[in-house]
Amino acid sequence: MEIFDYENVLLLPRKCRVESRSECNAGVALGGRTFRIPVVPANMKTVVDENICAWMAKNGYFYVMHRFDLDNLQFVKNMKAKGVYASISLGVKKPDYDTVDQFVAEGLAPEYITIDIAHGHADTVQRMIAYLKQKLPASFVIAGNVATPEAVIDLENWGADATKVGIGPGKVCITKMKTGFGTGGWQLSALKWCARVATKPIIADGGIREHGDIAKSIRFGATMVMIGSLLAGLEESPGKTVEVDGKLFKEYYGSASDFNKGEYKHVEGKRILEPIKGTLADTLREMEEDIQSSISYAGGKKLMDIRKANYVILGGDNAGEHLLM
């Protein structure tokens, strides 16, 4: 198996078939809806809040609300009142089952539910998927996070409608250092490996540092890409604004950090400061334009045409003929 990450790979251009990049369609379908771009902000407290989620939904983007210090029932009611879809996160503990029961009692069903735990290839996840499929069969269930083909096969067989791939590649994740496990440093290879066995959508989660990494993720099998740090330093980001030497930053921390947990126990995340770099709308528009450019370089007109592009591994022997054919 080839081992590489985003910075080690470049995609090879194919003959352009459009007169303008704006002709390229960066849209992607997930769970019966089509979204403008294959990007979803990380479901973290310093990346998304209710206002950002509502704006994303109204403007044709996918979102997943975080699950920390949140009344999920009220959140879904608020989203329904605004006339937009609801997309929430759940864990696998008793309060999460209670939340599902509350939805059933109220006759409410979020359109999307993400089972969001650090090690998603688990019996606890299997039980939660089964419970959701029984109680809220209309909801589209995303489950994760995982790192191996075996895990993707299991989650799909258990009933997940999509899987989230990536353990520890994020900028504020220290799972690799704390545990010795994860996809940090080879996330793109892990994605390729998992996508080979997947029959349902994969959301690549973590390790995205540049907009070009979105296209690389699509090329190696992702349907959607979850991004934290690039969307944490925006004017609207919910993280606390901090001034250092006259420059403005946003606080950004991992979901398993002591900053998020409020206690120093089983910590696998850290806190950093992200420079403020513009607005959400401008950033997403730039991402869309860059993805359109990627599609044109791939010789395509729609997002999945990127998968037809060949690639080279920088520093590798590139001996496989398929790379350059």
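Cβ from N, Cα, C; glycine included.
The feature active site, thioimidate intermediate is assigned by Swiss-Prot to Cys173. If you look up Swiss-Prot, you'll see 202-225 marked as NADP(+) binding site.
Cα of Thr223 (NADP(+) binding site) to Cα of Cys173 (active site, thioimidate intermediate): a span of 23 Å. In this structure the C-alpha atoms belonging to the residue listed as 'active site, thioimidate intermediate' and Asp205 (NADP(+) binding site) are separated by 12 Å.
Using a 10 Å radius centred on the Cβ of Asp205 (NADP(+) binding site) and all shown protein chains, the other Cβ atoms total 31. Between the candidate binding-site residues, Ser217, Thr223, the densest Cβ environment within 10 Å is the one around Ser217. In the three-state DSSP classification, Ser217 (NADP(+) binding site) falls within a helix. Long-range C-beta contacts of His211 (NADP(+) binding site), restricted to its own chain and to partners at least six residues apart, with a cutoff below 8 Å, comprise Leu230, Glu286, Met287, Asp290, Ile291.
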